[in-house]
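Record features (TrEMBL):
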REGION    19-39  region 'Disordered'
COMPBIAS  22-31  compositional bias 'Basic and acidic residues'
DOMAIN    78-216  domain 'Photolyase/cryptochrome alpha/beta'
BINDING   TYR318, 330-334, TRP369, 372-379, 470-472  FAD binding site
SITE      TRP404  site 'Electron transfer via tryptophanyl radical'
SITE      TRP457  site 'Electron transfer via tryptophanyl radical'
SITE      TRP480  site 'Electron transfer via tryptophanyl radical'
Amino acid sequence: MLKRTRSASTNLVDDDMLLDSTNDHVTGDRSKKQKNKDAITPSTSKVIPYLSVTRSTKPLPELKLSSLEDDGKEIKVRNCLMWFRTDLRIKDNIALYQASSFLNTSTDNYLFALYVISPEEWKSHDVAPARVDFWFRNLKELKKRLSELNIPLIIQTVDLARNVPASVIELCEKLNVSHVFANIEYEVDEMRRDNRLLNMARKNSISVQFLHSQCIVEPGMILTKEGKTYTIYTPFKNSWIKFVESNISLLDLVSDPVGNSDKILELYPETFEFNIPDSIPGFDLDVSSTCIQTNFPAGEPEAHRRLGQFVANKIGRYNEARDVLSRNGSSSLSPYIASGIISARQCVLKAYLANRKKLSRGNIGIAKWIEEIVWREFYRHILVGFPHVCKNQPFKLHMSNIRWNENEEYFRRWCQGKTGYPIVDAGMRQLNGSGWMHNRARMIVAMFLVKDLLIDWRKGEKYFMNHLIDGDFANNNGGWQWCASTGSDAQPYFRIFNPTSQSQKCDPNGDYIRKWVPELKNLSSLDIHDPFKSLPRSEFKKLGYPEPIVDHAVMRVETLNRFRHVKR
């Protein structure tokens with residue numbers, strides 16, 4: 001395996017200069033400040049195009065490709081700290097490998113691992129209890145595997161998000177840490193946090209390195225001919241595939257970390273005594289949602305088991321099965337990818353090898369699944385190139401002028417899965433009952449909220465984040481804006497799903513509906529998609545199922561009218 005570095009790190013500058021910017025598509029305002037709405041395209045270079053130090057509204061250009069040592073301040077290597085975030089894995093973890101290899105020539109220095117529990121930050125980012133539960137369960141597995149390497153996992157709870165950097169620096173001083181490593185998180189609030197950490201670290205003569213691990217092709221590495229961020233998926237995908245095929249080493253996995261010597265057990269025994277909680281106040285799982293733990297067991301081995309089974313048994317027919325709601329045709333890997341239990345690179349590499357070393361062409365199912373991973377990267381590039389999407393704003397700013405319905409009753413019924421449209425209600429009940437929803441169902445329920453109920457997409461975006469075990473800001477935001485016709489490469493506003501037609505197409509026998517809407521379980525495959533129209537009124541009333549909340553045909557006309565007259 002190739003031993004390599006993807007460093008983008010170390011010293012961020014001027015925190016006040018920074019702006020805010022689901023494996024399934026489809027949160028709220030992740031930042032309270034906005035200094036400039038204009039997006040400045042990052043300048044380019046050969047290696048990491050967007051990492052120039054310019055006074056830009058974007059967060060990533062504020063990263064310097066230098067460490068304190070590069071600034072002429074030599075730091076004696078003492079101990080190292082690996083800060084885990086949404087990368088809860090040991091294999092193919094670039095920052096962890098770098099931290100480990102930084103010390104592997106000396107037995108007198110040690111590697112510590114850190115995870116920060118930050119309830120206030122999680123609440124402000126609408127993190128779902130299901131996702132917190134998933135994090136904690138995976139942290140327990142991670143702790144076991146790190147312990148086998150004599151690497152302690154330290155757990156810090158910091159109530160106020162703004163205090164996290166100071167807490168990390170304090171820990172470094174306590175453990176005699178000279179070098180900190182972590183993988184970059186591209187959301188702007190997270191970039192601000194890391195910027196503050198770097199400024200504090202510099203003052204305390206501590207080196208910090210952030211590395212790229214979320215994407216196979218880092219944001220800014222592929223740009224349009226004009227040197228700008230791609231805003232259309234298909235040319236982005238084509239460029240992505242061409243770039244990776246020309247730089248196939250991007251699919252090489254980094255080596256596993258080297259463990260500490262046994263001596264750390266004697267010198268720092270207290271660092272091995274931290275416990276991971278089962279839950280914390282404000283993020284308790286609802287009793288009815290305990291199936292989440294059964295449906296999504298924790299640990300890297302489980303993630304790789306799923307990947308292996310999917311590639312062996314399903315991926316070849318993925319293009320046919322992915323939109324059929326009643327078939328288990330997906331990989332079910334989205335929670336593991338979103339929390340970094342498995343990397344996107346590991347997933348694509350497995351598929352690439354199964355497709356006889358092809359990223360496109362070859363087996364249609366495999367190529368289509370790889371494209372879904374590319375969608376994930378596309379939305380991260382959008383996040384970096386257009387950080388205003390992190391500010392509760394549409395990608396297309398003029399779409400802020402849409403007149404939305406302020407109907408809390410409609411929204412409540414949508415949330416509860418009581419709209420009277422079976423396919424919509426099945427999707428929402430799956431989300432509420434399991435913490436997960438089939439990707440096609442996400443598209444159907446999202447478009448129904450926006451274009452049948454004319455309710456602001458941001459309310460649905462927030463609701464998804466509050467409930468999804470695989471909640472991921474870039475994917476969720478990108479998916480919702482796609483459905484709302486407000487995002488990059490979004491559906492044209494006049495493309496409106498007919499929920500009944502979608503039901504007949506994606507759940508032809510009605511099995512998905514029967515599972516999640518038991519009131520309709522005894523209906524035939526013909527009647528189940530639109531029982532209000534297909535059954536006599538007396539028979540319909542016996543079902544105990546609500547009448548359609550709106551008339552789709554009427555709302556389609558109203559939606560077209562409102563979107564057509566949006567002022568630019």
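The backbone N, Cα and C atoms fix where each Cβ goes, glycine too.
Comparing Cβ neighbour counts within 10 Å across the recorded positions TYR318, TRP369, TRP404, TRP457, TRP480, the minimum falls on TRP404.
Residue counts for the domain 'Photolyase/cryptochrome alpha/beta' (78-216) under DSSP, helix first, then strand, then coil, are 65 helix, 30 strand, 44 coil. Taking TRP404, TRP457, TRP480 as the recorded sites under consideration, the smallest Cα distance to GLU377 (FAD binding site) is found for TRP480. A Cα-Cα distance of 20 Å separates TRP369 (FAD binding site) from TRP480 (site 'Electron transfer via tryptophanyl radical').
Fewest other C-beta atoms within 10 angstroms, among the binding-site residues GLU377, ASP470, are seen around GLU377. Cβ neighbours within 10 Å of SER332 (FAD binding site), excluding its own Cβ and spanning all shown chains: 19. DSSP gives VAL374 (FAD binding site) a helix state. Here the Cβ of VAL374 (FAD binding site) has 23 other Cβ atoms within 10 Å, regardless of which shown protein chain they belong to.
Within the set of recorded positions SER332, VAL374, TRP404, ASP470, TRP480, the entry lying nearest in space to TRP457 (site 'Electron transfer via tryptophanyl radical') is TRP480 (CA atoms). Cα spacing between TRP404 (site 'Electron transfer via tryptophanyl radical') and ASP470 (FAD binding site): 28 Å, rounded to the nearest whole number. Classification of ASP470 (FAD binding site) by DSSP places it in coil, neither helical nor stranded.
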